[in-house]
Amino acid sequence: MNQSFATHTPLSTKAWPFYVLMMVLTALLISLFIAALCMGSVPLSLNEVWQSLKATAILTSESDILWQLRLPRSVLAMVVGVHFALAGLILQAVIRNPLADPSILGVNGGASLAIVLCLLAVDYVQLHLLKLSDAHFDFVWLPTIALLGGVLATGLVLKLSWRQQLQPNQLALNGVAIGAVLNALVMWAILAWGGNRTETSLIWLAGSLYGRDFSQLYLLLPWTFVGVVGCFLLLRHLAILQLDSEAAQTLGLNVKRWRLVSLFIAVALAASATAVTGPLGFVGLIVPHFAKALLARFGLGASLPHLMIMCILSGAALTLAADIASRTLISPLEIPTGTLTTLMGIPILLLLIRRQS
Amino acid sequence: MLQADKVSLNYQHKPVLQDLSVSIARRQITAIVGPNGSGKSTLLKLLGGLSKPSEGAVSLEQKPLYKWRPKALAKKLALLGQSPLAPSGMLVRQLVGHGRFPYLGLFNTLSHIDQHAITWALRKTQLEHLQNQPLEYLSGGERQRAWLAMALAQQSEILLLDEPTTYLDLGHQFQLLDLLKQLQIHEQKTIVMVLHDINQASQFSDRIIALKNGEIVADGTPQQVVTEQIIKQLFNIDVSVVPQRYGKTTKPLCLPIDSHNQITPNSAVPLRSAAI
Ligand SMILES: Nc1ncnc2c1ncn2[C@@H]1O[C@H](COP(=O)(O)OP(=O)(O)OP(=O)(O)O)[C@@H](O)[C@H]1O
Ligand SMILES: [Mg+2]
C-alpha cells in the first residue's frame, strides 16, 4: 500500500486549551457562587458574608440569612444543575438523539403526577375523611414521593421498550407517549381537584428552589455521588453506545446491559433532582450542547471525559445564575427558577449553534 | 475455524437464509457475492455473532458464538457493517481508538500498545493526516476507511467486511484490497468480505461463495465459481469469461456481453470491466 503518509504525525491532543477553558469556567462558577451569597432582597457585603461563614453559631440576622437560606439554596442549585446536565449527557449518548433530555423517559411526568396526586390525596383524606378543618402536609416527604413517581414512570417506559432491546427510537417514542399521558393527567388532576393546592402544585411544576434547605441537599447528595461516579466509570461504554448498536456489539459491548445501566444512572440523577426542585426546564437538554459547542469553538473534539467536566461546570453555573436571577430580578417576589433556566438557556444555545455553523 | 452449521434465519417469518453451511478456512480471503437482497449481509452478521440463527449454530474454534464472552470474541473477530453510524463531533482518531475497547478494563486508559495499534491502523488506511478531523468533515470514502481502521485497530485474527469498497474511488478500492491481501500474507489474517464486483472478488480472493435467495449457488475457487453459467444464474446477465493474468496467477475475468451490438470484448484488450 502507498506509504506516503508513513511519516508519523504526532497526535496533537493539545491539552492546554481544555485546561484554560476549565479554569475559566471554574472561576466563573466561583464568582457566581459568591454573588449568590451576597445578592438577594437583603444585600450582604463580601465582608458580612465572610464573617457569617466564619461564625460557628448563628447570632446575627445576616448569618441567619446566609446559613438558612442562601448557602443551602445556592449549593442545591449547583448540585441540581450537575444532576440534570449529566443526565442529559448520558441520555443523549444512549438515545443517540441530540434532543433527548430527562423528560424523554417520563421522569418529569412521573414525578409530577406523584406529587400532585399525593398533595390532593392528603388534602382529601384530611378534609373529608378525618374532618380536619385545616389540611396539614409534611413537605419533607415530597422528594421521596417524586423520586418514586419518576422511577416508576421510567420503569414503565423501559418495560415497554424491553422486547426491542431498549432501542433508542423505541425508548424515545415510548417515553414521549408516557410523558404526554402523565402530563395530561397532572393537568387534569390539578384543574379538577386542585382546590387550595393548585398554587403549590403549579409552583412545584414550574421548578423552583424557593425555601429549600440543607435537609433537601442531604437527601440529594447520595444520588449525586452515585450519579457522578457512575457517569465517570461509564464514559467509555457511553462512547461505544454512541455508535450504532451493531458497531457497539462487534466491539464486544453487551449493548442491552450497558444501555440499562446508563439509563439507570441518568434516571437516578434526574429523578432525584426533579424530586427536590421540580423539573428545571431544558438544563438537561441545553448544557450538553453548550459543552459540545464550547469545546468545538476551542478546537477540541467531543471526547466524553472532557464533555463530562464541561457539563458539570456549566450545568452548575447555568442553574446557579438562573437561581440568582430568579431571586433578584423582581425581588422580593420570585420568578420560578425553571422558567429562567429555560429563558436563559435557549438563547445561549441558539447563539452557540449559529456561531458554530 | 469459523463455521456455520445448517443455519437458517427468518425475518418476521420470511426465510432469508435456508439451511446453509459454510466453513471459513484460516488465512484465506473469502468473498461473498450475489444479487441485492440475497442474504450476503445477513450471512456475514451471523458469522460475526451479531444475529442468532433461527436454526443451526455458528461456532468459532468449535465453540458456539453465543458462548463466547463478547470482549473475547471481539479480540478474535472484527466486523465492519455496510453503513455504520457515528455521532457528530467524533474525531477520526477517537473512532479508531474505539477499536481498542475489547482490550480495556473498566479502569485503564489507552496504553502505549493501544496507541501503537491505532496509529498503525491509521497509517494502513492512509488517514494519518485526517486523524484529528471530525468524521462528518470526511468524504464518504475517507469515512469508510476510518471505519475500516477501527476494525483493523481491533487487531483480530478474523476480519468480516461488508462491502468495504463501496464508497471508494478506483484507486483506493485497489489499495484497500491490496492491503487486505498484505494482511492475509504478512499477518496471517482470515478475511471474509462481501463484494459486488465479481472481478475484484476473482482477483483478490481464494474462495468465492455465491448466494442467491438465501441459498448457496456455488462455493469454490474463483475458477470454479466465475463461469458463464453461474453468473447467468446469479445475476441473469450474459457474460463471457476470459482468463486474465495477475502477476503470477491467472484468474477468470468476466465481461458482460452487450446484447444490442453483439460485441464480445477481446480478452487481450478488455474494453470494459464488469462492475456488477
Ligand atoms: N432487519 C431486517 N428485517 C426484515 N428483513 C430484513 C432485515 N434485514 C434484511 N432483511 C431482508 O433479508 C434479505 C436479505 O438481506 P441482506 O441485507 O442480507 O441482503 P444483501 O445480500 O446484503 O443485499 P445488498 O446487496 O443490497 O446489501 C432482504 O430481502 C431483506 O429485505
Ligand atoms: Mg448487504
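Each residue, glycine too, has its Cβ placed from N, Cα and C.
Predicted automatically and left uncurated, TrEMBL annotations should be read as such.
Listed in TrEMBL for this protein:
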TRANSMEM  A:18-42  transmembrane segment
TRANSMEM  A:75-95  transmembrane segment
TRANSMEM  A:107-127  transmembrane segment
TRANSMEM  A:139-159  transmembrane segment
TRANSMEM  A:171-195  transmembrane segment
TRANSMEM  A:215-239  transmembrane segment
TRANSMEM  A:260-287  transmembrane segment
TRANSMEM  A:307-326  transmembrane segment
Notebook entry, point to check: By Cβ distance under 8 Å, which residues at least 6 away from the ends of the transmembrane segment (A:307-326) in the same chain are close to it?
Noted result: 21-22, 25-26, 28-29, 32-33, 35-36, 39, 73-74, 77-86, 88-89, 208-209, 228, 231-232, 235, 280, 283, 286-288, 290-292, 294-295, 334-337, 339-341, 344-345, 348
Notebook entry, point to check: Of the listed stretches A:75-95, A:107-127, A:139-159, A:171-195, A:260-287, which one has the most C-beta pairs under 8 A with the transmembrane segment (A:215-239)?
Noted result: A:260-287
Note to self: Using a cut-off of under 8 Å between C-beta atoms, tell me which stretch among A:18-42, A:75-95, A:171-195, A:260-287 contacts the transmembrane segment (A:107-127) the most.
What the structure shows: A:171-195
Item checked: Cβ contacts the transmembrane segment (A:260-287)/the transmembrane segment (A:75-95), at least three under 8 Å, sequence gap 6 or more -> yes
